[in-house]
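**Q** Pasting in a structure now, in structure tokens, and then I'll have a few things to ask.
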């Protein structure tokens with residue numbers, strides 16, 4: 001170690017903290033970590049893989065039933081073979097993307113507290129909500145891009161498969177576009193819910209468990225309670241797993257809610273936990 | 001400059017920092033001493049806004065740190081050796097910190113070089129020893145070339161060369177007119193580094209004085225050897241005199257100056273084989289001060305119980 005350099009540096013430091021600066025800082029750390037890169041790759045691979053298997057499965061089933069014209073004769077298979085159905089089959093892995101990238105959301109925030117790096121982060125930007133804002137922007141853009149890229153890749157992989165079975169996979173169709181954009185929304189919703197859980201619980205294991213519970217256990221409980229009271233049927237329609245999927249995949253996950261109601265539900269699941277997290281982040285001590 | 005005003009922090013019924021008030025002046029090194037659990041780290045966390053005071057306030061350069069627009073340039077802080085994500089490299093961590101404040105990457109190279117981390121800048125922090133983690137913490141604190149330097153136990157885990165380096169760094173920063181606030185429980189280290197001392201015990205500020213004054217403030221201690229210890233003890237017994245018999249022929253006398261002890265011995269006809277004033281070290285002064293605080297506290301408890 002040498003001490004000469006301290007006074008040798010002549011130029012003045014500016015050092016003003018801006019949202020852009022915090023965002024750059026978050027990106028440097030995000031992409032320096034192996035865990036985040038692995039989660040992104042896994043989400044991508046799982047989505048594309050399930051899409052290919054799905055198209056192949058549906059295609060071979062239709063082939064064994066004697067091709068598209070007869071498909072409608074068996075009850076429940078009316079929509080099979082349509083371009084809309086093919087688009088939704090391609091998105092079979094959407095729920096896994098939600099979970100994997102939701103975990104990424106949890107880790108982005110809980111990692112600060114489990115590793116102690118929150119101390120450094122909030123010393124560099126004592127305005128805590130600015131850090132949270134940067135993380136919200138980063139995870140939103142990142143998970144949306146990952147999901148859109150996964151969908152595009154799945155389309156490119158599945159196109160020759162679908163052709164092979166005489167299925168129509170139309171990128172420009174309304175169903176495909178709806179699946180792609182609302183699918184990205186469903187993933188962003190899960191990631192932001194994960195981020196909120198991360199800041200609320202400050203614990204990776206707890207945050208991930210809660211996220212899984214929200215997507216798997218809560219809907220189950222709601223279903224059971226629906227049998228007991230009718231009132232719960234309304235609540236069950238607003239479970240997070242249903243909202244995101246029914247917007248993207250109306251054929252396989254039908255919902256009797258209006259679109260604005262569904263969007264409102266998504267906004268609620270994102271904004272309420274985030275707002276709660278922001279209030280607690282501002283008031284609690286950083287350990 | 002750091003102004004701590006009536007600062008209080010309670011966790012439930014437990015008060016960790018109790019109406020602490022002191023000022024850390026620029027241009028000198030201020031040491032922050034206290035036994036474990038005395039509230040040093042909590043006080044430092046409140047200074048930089050990581051913990052919220054239950055009452056009172058802290059001003060850094062005249063305002064609250066949480067509203068600072070240039071935090072890294074204003075205050076450099078080392079709180080824990082490993083407040084870095086374990087899977088990051090020192091370089092990535094420092095680059096991220098620098099990016100927050102818009103500091104150039106060249107500054108990252110400078111502090112890496114400065115703290116001797118150049119060789120390990122691409123190794124993961126998780127595998128670092130305590131000393132290496134400490135160096136990275138100091139590198140982080142120095143990143144913005146801050147006006148105020150707050151270091152919590154900076155020499156923890158450092159080798160002798162590192163300890164000397166931190167001492168030089170602190171002195172140099174103070175000489176450049178910066179505010180340097182260092183906590184430690186190593187008295188000998190503080191004696192060589194600090195100009196001013198703030199002592200905390202059980203959350204209360206026990207002393208806030210220049211280091212010289214702090215040491216001289218106590219009572220004189222003298223070591224006396226005599227074959228006739230009993231007679232001398234009787235001759236010395238008086239208000240404000242503490243006698244401690246170390247063995248059959250040795251006494252430790254606290255209170256009177258050695259000259260007074262010699263005169264009393266002469267009057268009583270006791271032959272002394274040794275009469276030696278004890279040099280009070282910072283450590284002695286500190287032990288005395290914190291011990292008194294503990295006794296004072298327990299007295300209060302006894303009284304309040306007795307009063308009910």
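Just so it is clear, glycine is given a Cβ too, placed from its N, Cα and C backbone atoms.
Straight from TrEMBL, here's the annotation block:
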type: TRANSMEM; residues: A:38-59; note: transmembrane segment
type: TRANSMEM; residues: A:99-124; note: transmembrane segment
type: TRANSMEM; residues: A:136-162; note: transmembrane segment
type: TRANSMEM; residues: A:182-201; note: transmembrane segment
type: TRANSMEM; residues: A:208-233; note: transmembrane segment
type: TRANSMEM; residues: A:259-281; note: transmembrane segment
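Help me picture where these features are in the structure shown.
**A** Long-range neighbours of the transmembrane segment (A:38-59) within the same chain, counting only residues 6 or more positions beyond its ends whose Cβ lies under 8 Å from a Cβ of the stretch, are 80, 85-86, 89-94, 96-97, 100-101, 103-104, 107, 142, 146-147, 149-151, 153-154, 157-158, 161-162, 164-165, 167, 169.
Tertiary neighbourhood of the transmembrane segment (A:208-233): same-chain residues 95, 98-99, 102-103, 105-106, 190, 193-194, 197, 201, 239-242, selected by CB-CB distance under 8 Å and a gap of 6+ residues from either end.
Tertiary proximity for the transmembrane segment (A:259-281) is limited to same-chain residues at least six positions away from its ends with a CB under 8 Å from its CB atoms, namely 109, 128-129, 132, 136, 185-186, 189, 192-193, 195-197, 199-200, 238, 240, 243-244, 246-247.
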